[in-house]
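Scroll down for the structure; my scribbles are underneath it.
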Amino acid sequence: MRDLEFDQQHVWHPYASMREPGPVHEVVAAEGVWLQLADGVRMIDAMSSWWAAAHGHRHPRLVAAMQKQLQHLPHVMFGGLTHAPAVGLARRLVGMLPPGLDRVFYSDSGSVAVEVALKMALQAQLGLGQGGRMHFASARGGYYGDTWKAMSLCDPVTGMHSQFGAALQVQHFVPRPPIPFGAEWDEDPARNGLGAVEALFAKKAYEIAAFIVEPVVQGAGGMWFYHPRWLSGLRTLCDRHGVLLILDEIATGFGRTGTLLALERAGVVPDILCLGKALTGGMMSFAVTVASRRVAEAIADGPAPVLMHGPTFMGNPLACSVACASLDLLAEGHWQAQVAEIGAGLRQGLAPVRDLPAVQDVRVLGAIGVIEMRQPLDMARVHAFCRESGVWLRPFGRLLYCMPPFVCGPDEVARICAAMVRIAGWQE
Ligand SMILES: *Cc1c(COP(=O)(O)O)cnc(C)c1O
């Protein structure tokens, strides 16, 4: 049986059916912005392989870091043992994060990093004598991963709530931050969204351990860019009501939105921060949850003074070493000009569809470009067109979007835009 046939019969892909699996292209190699298919066709990876390959594929410095580590210590358990890559990565993270965020927990994926953050918040509340706070809150339109607790906080409509029904714990939701990024801020809490947060906290804060949100850019839950003032207002309300603030920067972290972290736009420091995706430059699945000293101390004051989590592959040396190399690349600072240039290219290249009747909105922030359609896109047709146009895109629902690798040049950005403009033009 040919590989593609076997794949279709036996291998699950993300959010796919095994009875009617969607079409797949077979990738044999990747370099820089390019994916090479088995039949020789090349496509630009306009998705950075789901936000991860920020420096492009197989960046020589990342490959070298992993190869070097492979020769000494590919893996070792983290219980009772440590190693230079784990310590080096923590040093780099603590150095780059806002002061006070300096207790680093390693895990294997973004969803797990979110689970760990939620556990940290609960255990910290226990330590603070707030054992009644066993629930969480979020804004609609969020995405925090596919594990159970993370899923329960994803948008209850576009997420998977209807599918899992009563098996999902009910959480508290406020509307998504209503004022778009770049629009004028409105001080009226009834219109800027903070009134809803205040009302929720006034009634329910006694049972809320933490509020979790993606700062400024909501990713997979709707590709929505919102006003940073909402985030600073949220921080104030959390403090007032004893609710811990968890920021999920798994998609936005490491330069994607134009600042190293999206939270910088609001000048907000969370109690707990999640990072993943581009952490290893897309080379390995890896994530971190970073807590403030205060949270770590509160956990240590709790009935179980240890944080109750410890994955088998925690602190994997290969992942840590490649993450160190990726952060060193970022520290050289070229990403800033690259992201700005990609953003300018996207703004210009996507402008032609802005006034199409089928298009609801076009928005660009950092190196993220979004065309929001009024009707859902024809996924199978887009999939086939990607091969034809040489641009890899993976829309969902009404959202056609890209977040190219930072090494994407102006011609490649123009090519991505041309493909997106073509697709948006299919709908009358
Ligand atoms: C992708 C993502 C996650 C989940 O990460 P996985 O590595 O897929 O488990 C969580 N939060 C945000 C904001 C994400 O974009």
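All positions are counted from 1 along the displayed chain.
Note: Cβ is positioned from N, Cα and C throughout, glycine not excepted.
Any TrEMBL annotation is an automated prediction that lacks curation.
Among D45, D248, D361, the residue that TrEMBL places alongside G110, S111, P311, T312 at the pyridoxal 5'-phosphate binding site is D248. Screening the binding-site residues G310, P311, T312, R394 for a C-beta under 6 A from any atom of ligand 1 leaves none.
Long-range Cβ neighbours of G310 (substrate binding site) (same chain, at least 6 residues apart, Cβ-Cβ under 8 Å): F78, G79. Note on proximity: of the binding-site residues G110, P311, T312, the one nearest R394 (substrate binding site) is G110, by Cα distance.
Cβ neighbours within 10 Å of Y143 (substrate binding site), excluding its own Cβ and spanning all shown chains: 24.
Summary for the binding-site residues G110, P311: the Cβ-based neighbour count within 10 Å is maximal at G110.
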